[in-house]
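K.L.:
I'd like to ask some things about the structure below.
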Amino acid sequence: MFRIRRYRIFIVCAFVITVLLYHVSVNSQWERFPSAVLDSKNKADLHHPHAQPTPTPKSTDNHQKEQKAEQPVQQHKEPTIKIPQLKTTNEVIGGYGLPTVVPTPPPTPATPKKASVEQTTGAVRPPLHSIPAINLPDRVPYPGQNIKDQDEGIHAGKPLKHQPVETATVPHWKKPREWFPVPEESLILLPTGKPKPIPAVQHVFREESPAAKEKREHRLSKIKAEALRAWTGYKQYAWTHDELTPVTKGAKDPFCGWAATLVDALDTLWIMGLKDEFDNAVEAVRDIDFTTTPYRRDIPVFETIIRYLGGLLGAYDVAGGHEGKYRVLLDKAVELAEILMSVFDTPNRMPILYYNWKPEFNENPKRASTSVSVAELGSMGMEFTRLAQLTGKNKYYDAVARITDALEELQNRVNGTALNGIFPQQLDASGCNRTATALLNAQAASDAALKQAAEATDLAEDPQGYTPVPPQAGDNVQAIPKKNRVKDLEFEVLPGATPDEHSKGAFQKIDERGQDNAVVGAGKDAVAGANQTALLRRNGPPTTAPTPFSAKGLPLDWECVPQPLTSGGYGTDSYSMGGSQDSAYEYFPKQYALLGGLEPKYRTMHEKTVEATRKYLLFRPMAKGDPDILLSGKAFSADGTDKKLTYEWEITHLTCFLGGMFGLGGKMFDRPEDVEIGKRLADGCAWAYEVMPTGIMPEYAMMLPCKKADDCHFNKTAWYERLDPDAAWRNTQLEGYYVKKAEWKKEVEELKKNEAHRLEAEEEARRLKAKKQALLDEAEKAAEEDRRLRPVNNTLPGDEKPVLKVDYPARDAAAAHGLKGRDDEPKKQKRASASTGYTMSEDDATSSSRVKNKVEEIESELDSTADTGYQSRESRDEEDQKPIPEFVLPPEPNRPLSHEEFVAQRISRENLTPGFVSLNDRRYILRPEAIESVWYMYRITGDPIWQEKGWRMFEAVIKATQTEVGHSAIDDVTLADVAPMAANSMESFWLAETLKYFYLLFTTPDVISLDEWVFNTEAHPFKRPT
């Protein structure tokens, strides 16, 4: 019988589920939730990450906007760059004199009016500020997307079946809110006034002869032809991409895909007179969109500034500047600079060198890195200074002047660096002393704990809290015992009050489960004032909480003890003029020239740098022929002082700029000794080209220095010792080898002698055995003949003479010596022979005795052979004896290489040139630094020998790197007999720098005169003030 009371809970649940399923199936609003997810792909989400999607209202306006967004864009207009006005704030500690205030959080975007459905269901909690909106764009940019349409805000979503699905979303940079703005009145102003007189840099050239002119112009045409080859290959196979891959005829985009080679080569095209190519390139520049890139999530700030910003400004200057017709170049420079200005928005205004440009990563405050290279930090000044000069905007100069001030403070600080005047390779630019901050926080926490303990008067006293109102007296309240009850059960079995009473089961009410005291049977008024415990809820999924923000808008852990620039290394600091440090020092004299000598700190910083370089880094290499050249090494300090320096006496291509820097500074600041040092430095790199098999110096190698620069002669012994520091150990090993070799020879001779005796004994044993066997065979034959002639009973008729039974002990003797003869037959056959009882008559005794005696003699010789210790293999019993191993000599000791042999082998294997200790990086990647210094020396001294050096360099480079459509880096400059392997890379500085310096080496001296122009580190010429 069906009991409805027993199954009523299941009936109720089934009914509720059925009703819910019905409502879900007919709810027309169910599809709006997926559409909200799709709407998150709209670009407006990046600009308003906290806004929430709303249901679609019954309006045609939004539908018309969506139709407009779906239409393809016919023409993309160049956006107008609006330079924001800086806000006035107060000063912050540790900002290098920067007046700022603690920033306020960004204004909360206006919340759109919600539909009635959301109003009835409650507001949705917005995401926390530090969690960006999730946006996963396609990797290929959508070609027809209009930036303006992306900024129109979030529209109400349509149901999924009516919502168009976007195929791609291209994120674009949007100017973020400034957290640490610089007020206008606090900007460091661009120096103004009449430029100070600076001594002439360039040599006064005399008029050249017709023959010299013809020779020069011929070489100039060759260089121009190679530049056209590279440019044409780029146009055909990599137009508007960053770089050409000259072997595979393709393209690559390591620098955001903004046409790095095109922008970098603009001023080269103009200088070479390729005006049509220049105009075509300028038109392509118009279409570069610096606000987006599909190739990188970050912008490499240093490379972007020297290549793009420097390239645009240099091209603008050489093409006439304000008087020219290429205003678009300056406009694009400003457009890019506005993006890059965001990298300076840090508490101490030190830049972020790898800038996450996407809006979702560009909202919160940031600090500079705790480990930045000096070159990246200090090589922005010329570009932003020139932009400030051209636009009149002091904020550009202010951004880089603060970096210069920080570097100057570090250079002047007592014990600021181990080498006074030179910076360590890595710096901490964060401006935050985390160690001191942690100590202060720990002290503050300790003080707070002590204060709290002191204020506690009675820890045993119960805390005061909310007291529930008890039920009123007189109410019919029945308390159910809670003993042994389990919370949160829907159905519970309670034992009877007495042993005879049956147990009872009951459903608990929902509002009773989880309560400590269940009250039932009371009236509504009785329980109205009772404390009702909140329903227990299941824990939701774990979430990662973002860093909380303080009331001022900054994370709670943002505050720290400020600090200036300091070493960013861990344990040991390195100091050099090479990679990661070079261009920071290069910019000191150049910035002085660009500012017309109006800022003296750049001269002071340059002079301190060259003095420290001369004292600590310069050395004369020990080279064959004793060339009078100089190179610059690398020093290491483990204790922050110059007392225990260690060195790497390196020669690197990047360091080759140093000759030009010494020469330029020496002329500008009237330091003739520096000019001479510059000559020897430039000649050192030219020498490194000439001594290599291909005529090209390697990227990085190690040299052997002379102890004294004024007394330096090539010492082959010293060079060999440097190539093989273990010469003494190697000689000891060689002496030990000779001892072991003598012992080995003695042992081998003894073994060979013993083996000869053994072989002789075996041969004698074989001879005797054969002789014995012959006698046995003879006796056997005679006995057989005798048996054949005698009757079976072994007697003749009437013969009554006794017979003698003859045994042959030779058989037993042979067995005793382990020899086998024909008598060695199976045992059954032996027993059969014995049973015949063969006997010999007395008449035959005489002949038998002779045979027996002969056998005994042979047995005696076999015994004497056995006494020698050698036995024939054939004489051993195969069942009882193991074979003797073959005669094996002990291994001969291997002869180690002598010191001289090891060095000769290494020189041959590594193709080492006398004076070189190692070739750590054999590549040539089309670098310009060596020809850069050669060009400076030619323009400074006027000596035509520098043209000859440069021409030999050019011919060697072209021979090794030329491809069908351009020029490629190579992997090994030491291979002379075979063509080096091409690396399939042609970086933008090949056209921007290397070929430009080769070309300028053979132009007339008035083309880009050093008294009128100054180059940035990417060889982009900026006009000096007059």
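Using the three backbone atoms N, Cα and C, a Cβ is placed for every residue, glycine included.
The structure displayed is predicted, hence computed values, not measured ones.
Sharing the record's features from TrEMBL:
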- 45-79: region 'Disordered' (REGION)
- 60-79: compositional bias 'Basic and acidic residues' (COMPBIAS)
- Glu303: active site, proton donor (ACT_SITE)
- Cys656-Cys685: disulfide bond (DISULFID)
- Glu699: active site, proton donor (ACT_SITE)
- 778-789: compositional bias 'Basic and acidic residues' (COMPBIAS)
- 778-895: region 'Disordered' (REGION)
- 798-810: compositional bias 'Basic and acidic residues' (COMPBIAS)
- 873-883: compositional bias 'Basic and acidic residues' (COMPBIAS)
K.L.:
Tell me the Cα distance separating Glu699 (active site, proton donor) from Glu303 (active site, proton donor), rounded to the nearest angstrom.
P.N.:
19
K.L.:
What are the DSSP helix/strand/coil residue counts across the compositional bias 'Basic and acidic residues' (778-789)?
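P.N.:
Counting residues by DSSP class gives 12 helix, 0 strand, 0 coil.
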K.L.:
Under 8 Å between C-beta atoms and at least six apart in sequence, can you list the same-chain neighbours of Glu699 (active site, proton donor), or say none if there are none?
P.N.:
Thr652, His653, Asp921, Arg922, Arg923, Tyr924, Ile925, Arg927
K.L.:
With every protein chain in view, how many other Cβ atoms are within 10 Å of the Cβ of Glu303 (active site, proton donor)?
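P.N.:
Taking every protein chain into account, the count is 18.
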K.L.:
Output, ordered by sequence, the same-chain residues six or more apart from Cys685 (disulfide bond) with a CB under 8 Å from its CB, or 'none'.
P.N.:
Ile651, His653, Cys656, Gly659, Met697, Glu929, Ala930, Ser933, Val934
K.L.:
Using a 10 Å radius around its CB, how many other CB atoms surround Cys656 (disulfide bond)?
P.N.:
30
